[in-house]
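Record features (TrEMBL):
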type     : residues                                                    : note
ACT_SITE : 105                                                         : active site, proton acceptor
BINDING  : 29, 30, 31, 32, 33, 34, 35, 36, 37, 164, 165, 166, 167, 168 : ATP binding site
DOMAIN   : 26-227                                                      : domain 'Deoxynucleoside kinase'
Ligand SMILES: Nc1ncnc2c1ncn2[C@@H]1O[C@H](COP(=O)(O)OP(=O)(O)OP(=O)(O)O)[C@@H](O)[C@H]1O
Ligand SMILES: Nc1nc(=O)c2ncn([C@H]3C[C@H](O)[C@@H](CO)O3)c2[nH]1
């Protein structure tokens with residue numbers, strides 16, 4: 001009973017504010033660009049629901065490490081992996097929260113516009129597989145409210161993120177070549193900087209994420225006022 005009352009109160013709050021969903025920010029960038037680090041920086045704020053990328057779900061889907069399988073044999077497993085990424089991202093986008101702001105690491109959009117794009121260019125995703133992924137993507141984005149309000153693009157150079165990725169030493173990524181990061185970088189640049197590739201889902205704030213730890217906080221603070229969108233947070237109070 002308490003749960004129903006809580007949901008009614010939450011909906012009443014959102015309706016009072018005229019909002020049907022939290023102010024949603026997606027953090028995008030190459031592998032190793034510092035997205036998790038960025039989320040941790042804002043995680044201390046009580047008004048923000050922070051959703052890290054569900055990597056652990058991808059590493060253990062009923063005991064199957066789909067992330068590892070995809071990197072080991074992309075031709076065989078990229079469709080399976082992308083299907084699960086798309087599902088888990090849909091779950092993140094539609095996850096309910098009482099908080100006024102939702103901060104997500106990546107999105108259903110970068111899964112489709114960056115990674116599926118990359119798999120297509122690498123010719124490891126067959127035409128029929130790509131069409132099925134697209135059919136799901138087009139349906140869910142047309143029939144569910146997956147709108148976002150802001151994109152934070154952690155812009156880096158491939159060489160910097162390659163070094164970070166190797167140092168971080170995630171087992172599944174040990175054979176990821178610099179060339180892959182260079183190609184992913186170009187796709188991110190075309191999508192979010194030059195805006196010549198696919199639809200950009202919201203206004204983009206670009207941060208220089210090459211900066212090392214001692215200087216990066218100033219860069220993060222540049223978007224604090226955009227993320228803690230005053231009218232959203234105060235309306236909730
Ligand atoms: N500004 C920085 N300077 C130096 N190292 C950094 C910086 N930001 C993050 N790192 C380090 O780089 C590695 C990757 O950082 P992080 O996990 O935040 O990136 P990510 O974008 O979430 O990666 P992925 O896309 O693989 O999940 C980590 O070892 C982290 O400690
Ligand atoms: N193929 C593929 N499709 C995706 O949608 C996707 N999203 C993230 N990743 C990879 C990047 C990091 O190694 C690791 C953590 O970000 O997972 C993906 N790989």
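For all residues, glycine too, the Cβ spot is worked out from N, Cα and C.
Heads up, TrEMBL stuff is auto-annotated, nobody curated it.
TrEMBL feature annotations superimposed on the structure.
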{"residue": "29", "record": "ATP binding site", "DSSP (3 states)": "strand"}
{"residue": "35", "record": "ATP binding site", "DSSP (3 states)": "helix"}
{"residue": "105", "record": "active site, proton acceptor", "DSSP (3 states)": "strand"}
{"residue": "165", "record": "ATP binding site", "DSSP (3 states)": "helix"}
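Across 29, 30, 31, 32, 33, 34, 35, 36, 37, 164, 165, 166, 167, 168, which the record gives as binding ATP, the greatest C-alpha separation is 18 Å. Counting every protein chain shown, the Cβ of residue 167 (ATP binding site) has 8 other Cβ atoms within 10 Å. Residue 167 (ATP binding site) and residue 105 (active site, proton acceptor) have their C-alpha atoms 21 Å apart, to the nearest angstrom. On the backbone, the CA of residue 35 (ATP binding site) and the CA of residue 105 (active site, proton acceptor) stand 6 Å apart. Within the same chain, residues at least 6 positions away in sequence whose Cβ sits under 8 Å from that of residue 37 (ATP binding site) are 216.
Sparsest Cβ environment among the binding-site residues 29, 31, 35 (other Cβ atoms counted within 10 Å): 31. Proximity of the recorded positions (31, 37, 105) to ligand 2: a Cβ under 6 Å from the molecule is found for 31. Across the structure, residue 33 (ATP binding site) and residue 105 (active site, proton acceptor) place their CA atoms 11 angstrom apart.
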